[in-house]
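TrEMBL lists 270-363 with the feature domain 'Transglutaminase-like'. If you look up TrEMBL, you'll see Cys278, His337, Asp360 marked as active site. The annotation Ca(2+) binding site is assigned in TrEMBL to Asn400, Asp402, Glu448, Glu453. The region 'Disordered' annotation in TrEMBL covers 469-496. Positions annotated as compositional bias 'Low complexity' by TrEMBL: 483-496.
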Amino acid sequence: MAEGLEVAVTDFRCYWNNVRHHTEEISIDRLLVRRGQDFNIILYFRNRGFQLGLDNIVFVVETGPLPDLAKGTRAMFSLQGRDGPSPWTALLETNGATSLEVRLCAPPMAAVGRYVLKIHVDSFQGSTRAYQLGEFILFFNPWCPGDPVYLDSEPQRQEYVVNDYGFIYQGNKNWIRPCPWNYGQFEEKIIDICLELLDKSLHFQIDPATDCALRGSPVYISRVVCAMINSNDDNGVLNGNWSENFMDGVNPAEWTGSVAILKQWHTTGCQPVRYGQCWVFAAVMCTVMRCLGIPTRVVTNFDSGHDTDGNLIIDEYYDNTGRILENKKKDTVWNFHVWNECWMARTDLPPGFGGWQVLDATPQETSNGLYCCGPASVRAIKEGEVDLNYDTPFAFSMVNADCMSWLVYRGTEQRLHRDTSTVGNMISTKSIQGDERDDITENYKYEEGTPQERQVFLKALQKLNAGKSLGPHRADSQAGPVSLSQGSPRSSGASSLRTADIQISLKFRLLDPPYMGQDINFVLLALNMSSQFKDLKVNLSAQSLLHDGSPLPPFWQDVVFITLTSEEAKTHRCTIPYSQYSQYLSTDKLIRISALGEEKNTPGKILVDKIITLAYPSIMINVLGAAVVNQPLSIQVIFSNPLEEQVEDCVLTMEGSGLFKKQLRVLIGVLKPHHKASITLKTVPFKSGQRQIQANLRSNKFKDIKGYRNIYVDFGL
């Protein structure tokens, strides 16, 4: 009688499998495979070879703490599919003298995560032996047509899943600045931290069996991750901070990558990392989603609405000097706001609403009791289908709310203007396999000023108002003569905010590029558009803004009297010295200048503002010589102090996936006024291909002088 078959050792063929599953960047020493795609293992036997008809091998895969056949977190399937209806398969590849190569495949809807692989070996009339072969990790598979995250373009898969660096766009719509970022989704330990993040979620803590069973759904996973990136409900990754006090943590502007943040969260026992703002939340979420295998990109919306009361109107309040006031309703227009788009099918929605989905990890409003937002279909946002899951009304308001301006004077509120085009401009993301900026505004909204855009807005408003009465501002917003200019006053300096009975144009124009450390020189242009004489009083002011639209107190004010004859134009030159604005500047380096014009003996008023983003000189990075894997490489870094004063506590940080094993910190100390310095560093690249170095210089006076350099690393011999 044949003796029972005994397994001696198993070869998971990690390198061979991982290369084919696009996971070799993570590791070649662990089995990391994608669902819906075959992977091979070899069983080596101690006593004899596998005999068809005599031996039966049943494979068992289990994930989560409570594996369950009914929930799909446990599966049993035999070689050649002999025992049952399991969607997992095992096919005989080659049968050697004392070995057996088997091709396994997880279904394209299987739960992602860490699995244990076991087998039961049953020989005819012999005993059954059970073996635990080892662990593997299962990922989403954008290369598999059966997977809901399938993306049918290889360049897009390379950009949105494989690329481990990118740019996050900041500044304002007239001065868009790319901020380099190291996503590092394939760096050491990141996949383990991502799985730990899933296990720390409230969903897992409350009901681990159901949570693990739902991990096959990208819609579910994206909501779990979105809630876990912020720490408002749980021990999430990041604490948000929109004050100017970061003494007990890191100023969000200083971060240059996600890896240091995720590793700090892990090593401190999952204590939230201090601090993040919108671009940091989005960048870390991009890392986690790309690591898990869901195509993801980071998107910036300039002049982004935050509508707290769901009426698609952002109310902004000004005093009689043109100063923007703290909003009592907390409606705001963020100078820019950053979120993610993730690619997935939406079988939970009507046909046509799959593809890119908005996910916003910045904690603004709750969704089903947790601070997360999305996934909201980008197409649903464009078409005003705000009744579709998830959080589509809030996402719609970020790109297409109307803006209502109110003048607050002596306890009364006078409506200045309703602007239909202020919110949602220059929606930006990094281009595919390039460093250029792609404008994707048309994905979110029809062109401003077109009938289609207004029809969609009114459709969305109708859906939101269905079954509930209009609030006072909603009803009032349709009444009275209001100038509906198509220009946006927010950053352009256009004269859009005027009451209907004044025929004056005011506009700001910068005379020089606004560099940090230099005086700000600009002119106010006044034009009489009527044939009547005009006698104007203009209140000028300047105040710092935080990027979320929160105003700081004014630090400069002036009053100008301008007389204009029929159709006359005049200019008034203004200078704000660096010595005056430097001590009031926020980390965001945003200054809002405003002018409120009043015509003598008439109630007419006109408000114009302009947002200025002050620029720093970039860090220069030079690569000295050819970059080759496992060969020392010298990197020269050139930086300067842009200010006319000495700065202290200077620290240079550098990172780059595949180039530095961990973030490098160099203490620079003191930099004299306008002093230029250079240092040369050495590193040993450990991954080949296209790479990026990211650098940041901070001091006691500035926090985020950035620089980057793309570099190609040869594999060598």
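Even glycines carry a Cβ here, placed using N, Cα and C.
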Near Asp402 (Ca(2+) binding site), how many other Cβ atoms are within 10 Å of its Cβ? 22
Candidates Cys278, Asn400, Asp402, Glu448, Glu453 (recorded positions) with Cα within 10 Å of His337 (active site): Cys278
The domain 'Transglutaminase-like' (270-363) - residue tally per DSSP class, helix then strand then coil: 15 helix, 40 strand, 39 coil
Integer Å value for the Cα distance linking Glu453 (Ca(2+) binding site) with Cys278 (active site) is 27
Among the recorded positions His337, Glu448, which residue has the fewest other Cβ atoms within 10 Å of its own Cβ? Glu448
Which of the binding-site residues Asn400, Asp402, Glu448 has its Cα closest in space to the Cα of Asp360 (active site)? Asn400
Cys278 (active site) and Asn400 (Ca(2+) binding site), distance between Cα atoms, whole Å: 19
Would you mind reading off the Cα separation of Cys278 (active site) from Glu448 (Ca(2+) binding site), to the nearest angstrom? 26
Listed in sequence order, residues not in Asn400, Asp402, Glu448, Glu453 with Cβ within 8 Å of the centre of the Ca(2+) site Cβ atoms: Ala401, Thr420, Ser421, Val423, Gly424, Lys445, Arg454, Val456, Phe457
If you count Cβ atoms within 10 Å of each one, which of the recorded positions Asp360, Glu453 comes out on top? Asp360
Within 10 Å of the Cβ of Asn400 (Ca(2+) binding site), how many other Cβ atoms can you find? Include all protein chains, please. 24
